[in-house]
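K.L.:
Okay, these came from Swiss-Prot:
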- Asp65: active site, proton acceptor (ACT_SITE)
- Arg10: site 'Important for substrate specificity' (SITE)
- Thr66: site 'Important for substrate specificity' (SITE)
- Gln148: site 'Important for substrate specificity' (SITE)
Amino acid sequence: MFVLKSASPRRKQILFDLGFDLKIDPEHIDESQKELESPLEYLERMVHSKLGTLFEPNNVYLAADTIVVYQNQILHKPIDTNDAFRILKILSGKNHSVFSGAALRHPNGTEYFYEETMIGFQNWNDFEINEYIKRSKPFDKAGSYGIQDKEGPVLQWIGSYTNVMGFPLRSFLSRHELWIGSWEERIMRRD
């Protein structure tokens, strides 16, 4: 069985669209950043924490996390409307990076991987930022935005679209030998 250790609706949808039969079993963890912890150190620690310690040999476990980084600082999920405005104002008209990391736990061990996507934002005024927040309610999204949002702030990107949605799909697919059995099992049951 394939166990997704995440409550993210976007990760769930990406994997469902690929044909996975998922068991959703998120870990509830402290997502506080440690003092002097770099963004990539934080990302890896979060992914491994979300993976948890449970392991059943017939299962493949997947955990993931996404961070938005500007000037080597993580812009976390906003806590309220004012925080979302603050974050979007910082990013307006500028470039930043989105990192999504994931870990697969399988019978032979655990493998961690991540991807980076470069994002260029539109230069929005205060009114445009407030309208976007009202329209999109980006409170569950790192960086206060979704690349998939209509009339959103993303002007351009270099890298993976699904990475910005919260899942490093290219890296995941390149490790197909780790999860192909779970996927084939699902396909066989459909026939």
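Each residue's number is its place along the chain shown, starting with 1.
Cβ coordinates are placed from backbone N, Cα and C, and glycine is handled just like the others.
From a predicted model like this one, the values you see are computed outputs, not experimental measurements.
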K.L.:
Among the recorded sites listed here, Thr66, Gln148, whose Cβ has the fewest other Cβ atoms inside 10 Å?
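P.N.:
The recorded sites Thr66, Gln148 were compared, and Gln148 has the fewest Cβ atoms within 10 Å.
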K.L.:
Measuring Cα to Cα, how many Å separate Gln148 (site 'Important for substrate specificity') from Arg10 (site 'Important for substrate specificity')?
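P.N.:
For Gln148 (site 'Important for substrate specificity') versus Arg10 (site 'Important for substrate specificity'), the Cα atoms are 10 Å apart.
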K.L.:
Using all protein chains in view, find how many other C-beta atoms are within 10 Å of the C-beta of Arg10 (site 'Important for substrate specificity').
P.N.:
20
K.L.:
Once the chains shown are all counted, how many other Cβ atoms turn up within 10 Å of the Cβ of Asp65 (active site, proton acceptor)?
P.N.:
26
K.L.:
Round to the nearest Å and give the CA-to-CA distance linking Arg10 (site 'Important for substrate specificity') with Thr66 (site 'Important for substrate specificity').
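P.N.:
With distance taken Cα to Cα, Thr66 (site 'Important for substrate specificity') is 11 Å from Arg10 (site 'Important for substrate specificity').
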